[in-house]
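Let me begin by presenting the structure, written as structure tokens, before commenting on it.
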Amino acid sequence: MLLPSIVLLAIFSIYPTLGSIMAFKYFDPVKGIWGSPWAGLDHFKMLFQIPEFKQITINTVTISLVKIVLNVSCALAFALLLHEIKLRWFKRSVQTIVYLPFFLSWVILAGIFKDFFSIDGLVNGLVHRISSSHGPTMFFNSDTWFMIIVYVTDVWKGFGFNAIVFLAALTSINPNLYEAADVDGASRWAKLVNITLPSIKGTVVLILILSLQGILSGGFDQIFNLYNPLVYQVADIYDTYIYRMGFQSNQYEFATAVGLFRSAVAFIFILVSQWLAEKYGEYKVF
């Protein structure tokens with residue numbers, strides 16, 4: 001029964017992994033991966049020497065960290081507010097609405113946002129109505145505006161998932177604690193600080209720790225579908241750089257080396273996340 005699954009796993013997961021050896025080769029399409037001459041660590045040396053390496057590392061880590069902080073904080077704030085609503089049908093409706101964008105593809109959303117923020121789009125149209133002397137803003141050509149769009153759209157799309165996790169944690173809090181606090185005359189703020197937040201601390205810490213595993217991701221599908229050469233300085237991340245080197249510049253071996261380096265560092269972050277989850281979140285990642 002398991003044989004078909006094992007065969008598919010070997011074909012589509014295990015065998016392609018062997019192609020990582022290209023990072024140590026001078027790839028020749030005629031000779032193939034295995035017949036190409038060895039390059040040793042030359043591609044990795046070149047990676048640390050290129051001027052873009054430092055910038056794409058900074059971009060990737062910065063974008064990932066800001067996304068993590070914004071997503072978790074917005075999801076937590078939203079969950080705390082929604083938890084106070086007593087109308088069950090309204091609460092469930094809002095949960096569904098904010099969760100729906102999580103299932104939408106960035107390919108579709110990028111097209112919508114590009115039209116929304118284009119020169120003749122809705123945003124520039126509203127700005128022009130408010131101030132006719134204000135010319136159209138090139139949102140996707142501005143470093144500042146582009147990053148604002150990236151962060152806002154990422155939060156809009158993704159915070160619903162974490163919000164549901166936080167709502168589940170809030171629901172599991174013993175209601176007797178709140179009843180005792182009411183008897184003692186505790187205010188809403190006192191109950192939030194002394195009961196609610198301490199009770200869900202483990203969940204918040206776990207989500208933050210698990211998010212660290214993707215710190216070298218940055219969100220390829222979002223960035224790739226939104227960015228352009230004018231914002232490479234602030235938006236170019238590891239995955240977009242790998243794509244350009246591999247599929248646009250045909251430097252397959254160098255792109256493989258960059259990807260292998262990224263995966264190795266990401267694996268270290270996974271191990272660190274496992275250790276932090278056990279120590280502070282009282283959970284195990286695996």
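Glycine too: its Cβ is placed from the backbone N, Cα and C atoms.
The domain 'ABC transmembrane type-1' annotation in TrEMBL covers 57-273. The transmembrane segment annotation in TrEMBL covers 56-82, 94-113, 145-171, 192-216, 254-277.
Long-range neighbours of the transmembrane segment (145-171) within the same chain, counting only residues 6 or more positions beyond its ends whose Cβ lies under 8 Å from a Cβ of the stretch, are 63, 66-67, 70-72, 74-76, 78-80, 82-83, 95, 98-102, 104, 106, 109, 113, 117, 137-139, 196, 199-200, 203-204, 207, 219, 222-223, 226-227, 231, 234-235. For the transmembrane segment (56-82), the list of distant contacts is 91, 94-95, 98, 147, 150-151, 154-155, 158-167, 170, 192, 196, 204, 207-208, 211-212, 214-219, 223, 234-238, 241: same-chain residues at least six beyond its ends, Cβ to Cβ under 8 Å.
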